[in-house]
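Following: one structure in structure tokens, then a few remarks.
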Amino acid sequence: MTLTIDTSTPESRALLRPDPTVEKKPLIGLSREEMAQALASIGVPERQVNMRVRQLWHWLYVRGVSDFSRMFNISKELRAKLDEHFTIARPEIVEEQISQDGTRKWLLRFPPRGAGRPVEVETVYIPEEDRGTLCISSQVGCTLTCSFCHTGTQKMVRNLTAGEILDQLLIARDRLGDFPDADTPDGAIVPAEGRKITNIVMMGMGEPLYNFENVKQALLVASDGDGLSLSKRRITLSTSGVVPEIYRTGEEIGIMLAISLHAVRDELRNELVPINKKYPLKDLLDACRAYPGLSNARRITFEYVMLKGVNDSLDDARELVRLLKGIPAKINLIPFNPWPGSAYECSDWEQIEKFAELVNRAGYASPIRTPRGRDILAACGQLKSASERMKKTERLKLEAMMIAGHGD
């Protein structure tokens, strides 16, 4: 039986066009296996699939293209078919702010994916002479409500997909001229030589281990040697202490680990970092001691925000040293970054230095983090997107969808 398709009239031809209201499937963030399945689904011959995956991977993650028409070694016919079914477009940049110290913050807008309206996240680039660090978000909002953190005052909206996590890296490389044949913007502060983005830290909005599968997939793509090729030793994931997923992070991703510690006694940490009520200090530190590959060259970073009169006494410093005994560690002391409505103050500089000296004498590196991007609310603990303005009815609708298993 032969099927004949009528293309003689504009109306019949219109029926063959893709429905513009149907979202195209993003290719960014797919694993090689998923990309192969996607290509097979649109009729790419089986014998060609692996070759086409290699070509796409190179164009997306080595060359950094965001338009199928630029993939010159792929036939025009296949490029048209890819464009019909898939998207590799970058998210919208709503705003770009540049701090006096060269720190850059981008507000990015992503599709609703069940949230009722588009959502926004913030991504921050911190340049130094010998490195450029990109701080990436994993969620829109956060569930943890840490009392000193601005992001924690924004209710959870949704998880980011693996592609949306990677999009933040791709956007930053676009804007900094970090792909081949691209130009660095005039006046941009970037490392003296080599890559503009040398390190990424999962320290933006959200708790990455509450979005484990998407974060895992994004970081495995980012560290793939045939693409973006970031060393796993230059990727750090920061968690407030989701203990079961700390074990999984070490086994399944193998990147560097940072712990948002901030207190040395359960009573205070319960207040500052409420997840401590579920995973107290002993359980958290046991997971740290078991993290694979620990050595003096591969240490866990413990982040400790300095809050005046709250957690900054020398007794706190001594207890910190005692708690971390036997863990190859570095302790980042973070001067508290103020934000509107916060109930805390930053410790006096003299007290921070005394705290650091005591910890350092015990054998732990204890750098005091230089505040970056404070003037554009891009510093640690200051990120909060405009998605917080989502109407209550829209948020409740999203929460119902997530409970039902339809949200991302």
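Counting starts with 1 at the first residue shown.
Cβ atoms here come from the backbone N, Cα and C positions, even for glycine.
Among the features that Swiss-Prot reports, active site, proton acceptor is placed at Glu122, with the record citing sequence analysis. As annotated by Swiss-Prot, domain 'Radical SAM core' applies to 128-369. Feature annotation from Swiss-Prot assigns disulfide bond to Cys135-Cys380. Taken from Swiss-Prot, the feature [4Fe-4S] cluster binding site covers Cys142, Cys146, Cys149, and the record attributes it to sequence analysis. According to Swiss-Prot, the S-adenosyl-L-methionine binding site annotation covers Gly206, Glu207, Ser238, Ser260, Leu261, His262, Asn337, on the basis of sequence analysis. Under the heading active site, S-methylcysteine intermediate, Swiss-Prot lists Cys380.
Features recorded in Swiss-Prot, as mapped to the structure shown.
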{"residue": "Glu122", "record": "active site, proton acceptor", "CB count, 10 Å": "27"}
{"residue": "Cys135", "record": "disulfide bond", "CB count, 10 Å": "27"}
{"residue": "Cys142", "record": "[4Fe-4S] cluster binding site", "CB count, 10 Å": "25"}
{"residue": "Gly206", "record": "S-adenosyl-L-methionine binding site", "CB count, 10 Å": "29"}
{"residue": "Glu207", "record": "S-adenosyl-L-methionine binding site", "CB count, 10 Å": "26"}
{"residue": "Ser238", "record": "S-adenosyl-L-methionine binding site", "CB count, 10 Å": "22"}
{"residue": "Ser260", "record": "S-adenosyl-L-methionine binding site", "CB count, 10 Å": "26"}
{"residue": "Leu261", "record": "S-adenosyl-L-methionine binding site", "CB count, 10 Å": "28"}
{"residue": "His262", "record": "S-adenosyl-L-methionine binding site", "CB count, 10 Å": "24"}
{"residue": "Asn337", "record": "S-adenosyl-L-methionine binding site", "CB count, 10 Å": "22"}
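Spanning the listed S-adenosyl-L-methionine site, residues Gly206, Glu207, Ser238, Ser260, Leu261, His262, Asn337 have a farthest Cα to Cα distance of 19 Å. Taken residue by residue with DSSP, Ser238 (S-adenosyl-L-methionine binding site) is part of a strand. Distance from the CA of Cys142 ([4Fe-4S] cluster binding site) to the CA of Leu261 (S-adenosyl-L-methionine binding site) is 17 Å. On the 0 to 100 pLDDT scale, the model's mean across the domain 'Radical SAM core' (128-369) is 93. In this structure the C-alpha atoms belonging to Gly206 (S-adenosyl-L-methionine binding site) and Cys142 ([4Fe-4S] cluster binding site) are separated by 4 Å. Each residue contributes its Cα atom, and for Cys135 (disulfide bond) and Asn337 (S-adenosyl-L-methionine binding site) these two points are 16 Å apart.
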